[in-house]
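Engineer: This is the feature table in TrEMBL:
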| type | residues | note |
| --- | --- | --- |
| BINDING | 41-46, Asp65, 73-76, Lys89, 134-139 | ATP binding site |
| REGION | 220-245 | region 'Disordered' |
| DOMAIN | 456-538 | domain 'Ubiquitin/SUMO-activating enzyme ubiquitin-like' |
| REGION | 548-585 | region 'Disordered' |
| COMPBIAS | 553-573 | compositional bias 'Basic and acidic residues' |
| COMPBIAS | 574-585 | compositional bias 'Acidic residues' |
| REGION | 610-630 | region 'Disordered' |
| COMPBIAS | 621-630 | compositional bias 'Polar residues' |
Amino acid sequence: MASKDTEVIFKVNNNMTNTSPLIFNSELKQVVNSSKVLVVGAGGIGCELLKNLVLTGFEDIEVIDLDTIDVSNLNRQFLFQKKHVGKSKAEVAKQSVLQFNPNAKIIAHHASVTSPDFGVGFIQKFNVVMNALDNRVARNHVNRLCLAAGVPLIESGTSGYSGQVELIVKKLTKCYECDPKANPKTFPGCTIRNTPSLLIHCIIWAKHLFNQLFGEHDPREEDFDVSPDPTDAESGGDPNPDVRRLSTREWAKTVGYDPQQLFVKLFEDDIQYLLTLKGLWEDRRPPTPLKWNEALETVDNVLQPDNQNMLKDQKIWNLSECVKMFQESLSGLKKALEENNNGLDWDKDDKSSMDFVASAANIRAHIFGIPVKSRFDIKSMAGNIIPAIATSNAVVAGLVVLNAINVLRGKLDQCESVYLRKAPNPRNILIVREKCLEQPNPKCCVCSEKPQVTIATDLMKMKLKDFESLVLKEKLNMIEPDVQRDSTGCVIISSEEGETDHNNDKTLKELGISDGTILLADDFVQNYQLKIIMAHRELGREDPPFFMAGDPSELKPQKEEVKSDDHPEKNGDDTDEVNIIDDDDELMIIEEEEEESRKRKNEDIVPVPVKKRRTEEMPNNFETNETIHI
């Protein structure tokens, strides 16, 4: 049981417009009433958290959220109603919780927390910050701001029935970036283009096809055209990477996006070409090209016995229905593209976009003998969705408030990380906690005394503009970095607009950066400094553009793989399941992972941002005490 001085009793009148804490003890009540707290995010957890804070007696609250309310939010974000769709989440959440306590002072910011307006000085106003976010970039940013400001941060997240809450305090606990987060699921590009064996491969291919036909021009898409790749090492085809092929986008423009001609190219001609790459089909089932007229007339036997009793989106289309949907959605998207010359963004909630990806993925699956799925299932896979559980959000939000109270009481030792399990453990415990606070990682590139990382890349190929965008901003989550050489003090990247633009197209080698060069990176917005040790490495065509490690010894030279007939490669039939976990609003699905050929090197073929894994692996040293003390 909770101790007597921390028992909480509420007196609530019938219409719930006035709530007054009767017992905390007078001192704690005063602390709660007078403390200034910040909530970052007003989504699934954020709504529950704001409600809990007001009902607990907090009266000085600020909330930041850039999002607006969508219809899909209404089933779990209970501060919002249908009339609020399209409005600011932060503003509507504020108005809703004020009904519980009109005397509360709540300031809502409809803005991004990464804006310079919310820097270290802003964070220092608060006694505690509570994160209810849904993306890694924002989490990393708030983590760094709180470390720089010396303000305790309470991090939280859910994934379906699971969840966690953890405290982050500078020099006392691990920060959010102390442990590497799971990388997004990736697949070799040649598997997607040439030899798909799972439906997820076909879905990713269809999403790339959408981007190449209708999306904004993206140079990265040029490196992954959906057409067959003749340079695949297994194919025995032409290994010359300099041969220029007409891109799918260019070809589609020449035929006016005609559905029949696109179908013939994608599902007949390209497949016929794949069949000429004999090396691909020695240990695999070869694909079967489709003809337009035959496909339109084909009614296969994929329909389930109770298919007609299902909801529309849960029915499995036969091949003829897929082709007709491909034709209809293609025409609709072409019209939308003509009205928006800048290109279209793929949206799982846009009917034409989703119909196009579902139909194209199922047609390709049919060609390669892969079981097809319904539009509903494909939407879940394409949108990386696990349905959020409102109860999980509520439990986690409650735990956040308990931790906040402990922080304000100075009881940091009682703020161990707490985990909500999907099912009770063998001791029949559903909510478990660690035995003690986790210590900071001495090699953390953010919170250690002298943070540093090692970046290995091809210095003769990596351009400065790519180093800034891919390494500093995308990987290291800097907002406005300034970079100089440690030995000379020469500035190579400036946050002042236009000051170093003349260097953008130069390679790092041309700028005098060699193996072992030390760079000093400074982000004024985050009050964050980092030492970067550069290492030269020759990279292959399908290698990522760089590798990063916290310790130079972790970046060992790659050894050439020795292929042996004594260890034959698998043909892709064996699969296992991998949990890929994300945030409380839209979560990663469970995907099947194929063990790929060792002849290939992994290539990230999913440029669409993937949200971070929030709920981590459960530690072994859980407290087996069912009571959470406050």
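Just so you know, the numbers here start at 1 and follow the chain as drawn.
Cβ coordinates come from backbone N, Cα and C, glycine included.
TrEMBL: automatically predicted annotations, no manual curation.
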Engineer: Between the binding-site residues Gly41, Gly44, whose Cβ has more other Cβ atoms within 10 Å than any of the rest?
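Structural biologist: Sorting the candidates by Cβ neighbours within 10 Å, the top entry is Gly41.
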Engineer: If you run the three-state DSSP split on Gly41 (ATP binding site), which class comes out?
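Structural biologist: Its secondary structure by DSSP: coil.
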Engineer: On the three-state reduction of DSSP, what should I expect for Val137 (ATP binding site)?
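Structural biologist: The residue in question, Val137 (ATP binding site), is helix (DSSP, three-state).
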Engineer: Who sits close to Asp65 (ATP binding site): which same-chain residues at least 6 apart have their Cβ under 8 Å from its Cβ?
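Structural biologist: Same-chain residues close to Asp65 (ATP binding site) (Cβ under 8 Å, separated by 6 or more) are Val40, Gly41, Ala42, Gly43, Gly46, Ser88, Lys89, Ala90, Ala93, His109, His110.
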Engineer: Other than its own, how many Cβ atoms are within 10 Å of the Cβ belonging to Asp134 (ATP binding site)?
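Structural biologist: Other Cβ atoms within 10 Å of Asp134 (ATP binding site): 24.
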Engineer: By DSSP assignment, list the helix, strand and coil residue numbers for the domain 'Ubiquitin/SUMO-activating enzyme ubiquitin-like' (456-538), in that order.
Structural biologist: 15 helix, 27 strand, 41 coil
